[in-house]
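Asker: According to TrEMBL, the protein has these features:
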ACT_SITE  B:K199  active site, proton donor
BINDING   B:M6, B:G7, B:Y8, B:G9, B:T10, B:I11, B:G12, B:S13  NADP(+) binding site
BINDING   B:K99  NADPH binding site
BINDING   B:E184  L-homoserine binding site
DOMAIN    B:7-123  domain 'Aspartate/homoserine dehydrogenase NAD-binding'
DOMAIN    B:131-309  domain 'Homoserine dehydrogenase catalytic'
Protein chains: 2
Amino acid sequence: MKIAVMGYGTIGSGVVDVLKINHDKIAKAAGEEVSVKYILDLRDFPGDPMEKCVIHDYQTIVNDPEVGVVVETMGGVEPAYTFVKAMLEAGKQVATSNKNLVAAKGAELIRIAREHGVNFQFEASVGGGIPIIRPLNKCLTADEIEEITGILNGTTNYMLTKMTDEGADFDAVLKDAQNKGYAEKDPTADIEGHDPCRKIAILTSMVCGKQVDFEEIHCEGITKITPEDIAYAKAMNRTIKLLASSKKVGNSYSCMVAPYLLPAEHPLCGVNGVFNGIFVHGNVLGDAMFYGSGAGKLPTASAVVADVVDMVKHTNRHIVIDWSEEKMQIVDYKDSRNAFFVRTTSDLADAKRAFGSIEEVPSLVDGEVAFTVGPLSEEDFAAAAEHIHVVNRIRLG
Amino acid sequence: MKIAVMGYGTIGSGVVDVLKINHDKIAKAAGEEVSVKYILDLRDFPGDPMEKCVIHDYQTIVNDPEVGVVVETMGGVEPAYTFVKAMLEAGKQVATSNKNLVAAKGAELIRIAREHGVNFQFEASVGGGIPIIRPLNKCLTADEIEEITGILNGTTNYMLTKMTDEGADFDAVLKDAQNKGYAEKDPTADIEGHDPCRKIAILTSMVCGKQVDFEEIHCEGITKITPEDIAYAKAMNRTIKLLASSKKVGNSYSCMVAPYLLPAEHPLCGVNGVFNGIFVHGNVLGDAMFYGSGAGKLPTASAVVADVVDMVKHTNRHIVIDWSEEKMQIVDYKDSRNAFFVRTTSDLADAKRAFGSIEEVPSLVDGEVAFTVGPLSEEDFAAAAEHIHVVNRIRLG
């Protein structure tokens, strides 16, 4: 089987590396040898061992009947979407690691793949190397999935872990993460939660079989988390984690991305550093968790190549993925229910007047009162919070 | 699709329950309705809603062309083996939760299924509801799996967790586990490690594609673990877990079941109570872990029904499982290498004379010296240990 790799960046070159490192194992698993015929990139790579495979026009791949599987590791919606669509329409199977593409166009590309009797797979788009898309599609089929809650962004988990372990502040750990290459120069997509927001939209779509638009998911990042919040978390025997969550409510789903205070016994509490963890609750399975490297060159490439192996084995055979273009109307953010931890410079009496029943938490900062309240709706919380001066509030997991 | 359930005990009745509870979801996932036509059991079940489905002769199923999938939840090798073989030879697909059957006859039954163009699946035989067999077969295909280490027995993990949390002794927690229904009246298979031994044999067979005989795996249980050992573990910031492990060494595998002292940062350390966790290290994936309910009626049935769904979707299409009857010669136990924690009533000088370089651990028991040593081979350890009086020794994870 000849394949093409579109985008020779970190993940794309990782795919080429994995195919080399595990050549024999992959050939055995796929049932035939898998080799790279083309690498599509804007750049040239003089001196690279794959130099001669590099091309600049995607039509070369479209028009080559020898290429059966195409890997898309370019990132971004365009031109990835145009290229992937053309590949599927030309009867080629596509594996992608591109969460932006999958969140925006996944349902449509699955339909196009089905119409052309080929496959579009995206295991690496969520959780890096952790198998989660295929387990949802192939393993947890006897369950109603009632909750998925994930630590889906390694950068912010690294930062929160470092803040927790070292008491460092946000700016210092961001700089450290950038120096170590964990955070981009422009870290917005990570620290504002846009990255895990796309991923939980993809997972929720897989669970409900309909299109969940990430733009409709309420999304908060970690930029407001301070060393004082971390100190409160420790005093409460909790850990602050940026969670992307999706909970079944009636026939819909309540989705959110935000920092949460997790109790020490929650399985996601042990997910530290750049690792990702995805907690799943099924109505008969109960609790399960999938843990591993959520990013990184080789782990992510491992998932892409596993898709390639699966597709080589399914040449001319469509693998059903139940994700239609029909829209899933998620629960309005205002109606989502959460319990909250609140720090305020107002006094306890004012807090009680505003919220009714609250539970005081010993204050760790002079001039501050701290308490927990709820669960209550986001709307009710916001209305009550107007009556006091809130220093910070973090949801309780 | 009509199915038959052989064995109407805890898991078998769980399968019937799950098919009822999630009827619509399962029909959607399978692409057609799945209903139970027969329940094979020695007993009758007067008053049971499924009473009319109960039969006593497995030939009734063999001879009914309407039954396409058979669930085996009887346990034990015989007569399960005879029944399952007959079903496969009659062109019926089989899903089993029976680790004894799979460890002893898995490779042969996979071959028979292949020869008859049907499938034999066993997701529930390891890790209860946790997806691990299918992820190994379908997801981690781009990797050389270099290590699998699992907490594969919920009963002993519950007992060790309780000993750790409460300082209770072995006999007391065993009694508690029996009272709660977590341990059987005859708890041998759990507390002596026979159960996780079969499971790690199955997982290693899945990884290497050959037959690993569980009888050849060195197996120690938890009966020698005392409250003093637990106290030492805490002082060393470690936790004692019964691990079933399999590590690639050259072209073979070093397998063992034994209690280990795990460092606090190991992902398996957070796997407490009746939960199971399976740690997997792939050469490109890195570390991953699968966590969930390793036993229990509904979680295990969830995995069995997921196999049923997969098989309904693969009617007349064999799913390749690479596990041949060719024998994998595992590494001789004597050559396995481990580091050890040792408690001795001999003095430090004797311990040093016996082992050479050791690292002393502050003693917590009067008249005792404690130290760590290694890694060294099991044979070398045993030879050196002859020269001192060992109170207990536990391997370091």
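Glycine residues also receive a Cβ, built from the backbone N, Cα and C atoms like all the rest.
TrEMBL labels come from automatic prediction, so no person has curated them.
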Asker: State the Cα to Cα distance, in Å, between B:G9 (NADP(+) binding site) and the residue listed as 'L-homoserine binding site', rounded to an integer.
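Answerer: With the alpha carbons as reference points, the distance is 14 Å.
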Asker: Whole-number Å distance between the CA of B:T10 (NADP(+) binding site) and the CA of B:K199 (active site, proton donor)?
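Answerer: Rounded to the nearest whole number, the Cα-Cα distance is 19 Å.
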Asker: Could you tally the C-beta atoms, other than its own, that fall within 10 angstroms of the C-beta of the residue listed as 'active site, proton donor'?
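Answerer: So the number of other Cβ atoms within 10 Å of the residue listed as 'active site, proton donor' is 26.
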Asker: Check the binding-site residues B:T10, B:S13 for other C-beta atoms within 10 angstroms of each C-beta and report the one with the most.
Answerer: B:S13
Asker: Given the recorded positions B:I11, B:S13, B:K199, find the one whose Cα is closest in space to the Cα of the residue listed as 'L-homoserine binding site'.
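Answerer: Ranked by Cα distance from the residue listed as 'L-homoserine binding site', first place goes to B:I11.
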Asker: Using the Cβ center of B:M6, B:G7, B:Y8, B:G9, B:T10, B:I11, B:G12, B:S13 as the NADP(+) site position, which other residues in that chain lie within 8 Å, going by their Cβ?
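Answerer: Neighbours found: B:V5, B:G14, B:V15, B:D41, B:T73, B:M74.
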Asker: So, in DSSP terms, is B:G7 (NADP(+) binding site) helix, strand, or coil?
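Answerer: Its secondary structure by DSSP: coil.
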Asker: Which has the fewest other CB atoms in a 10 Å radius around its CB: B:G7, B:G9, B:G12, the listed binding-site residues?
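Answerer: Minimum Cβ neighbour count within 10 Å, taken over the binding-site residues B:G7, B:G9, B:G12, occurs at B:G9.
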Asker: Fewest other CB within 10 angstroms, which one of the binding-site residues B:M6, B:Y8, B:I11, B:K99, B:E184?
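Answerer: Result for the binding-site residues B:M6, B:Y8, B:I11, B:K99, B:E184: minimum number of other Cβ atoms within 10 Å at B:E184.
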Asker: Using DSSP, would you call the residue listed as 'L-homoserine binding site' helix, strand or coil?
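Answerer: The three-state answer is coil.
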Asker: Relative to the Cα of the residue listed as 'active site, proton donor', which of the binding-site residues B:M6, B:Y8, B:I11, B:K99 have a Cα no more than 10 Å away?
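Answerer: Those close enough are B:K99.
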Asker: Measuring Cα to Cα, tell me the gap between B:G7 (NADP(+) binding site) and the residue listed as 'NADPH binding site' in whole angstrom.
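Answerer: Answer for this pair: 14 Å between alpha carbons.
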Asker: Within the domain 'Aspartate/homoserine dehydrogenase NAD-binding' (B:7-123) only, compute the mean pLDDT.
Answerer: 98
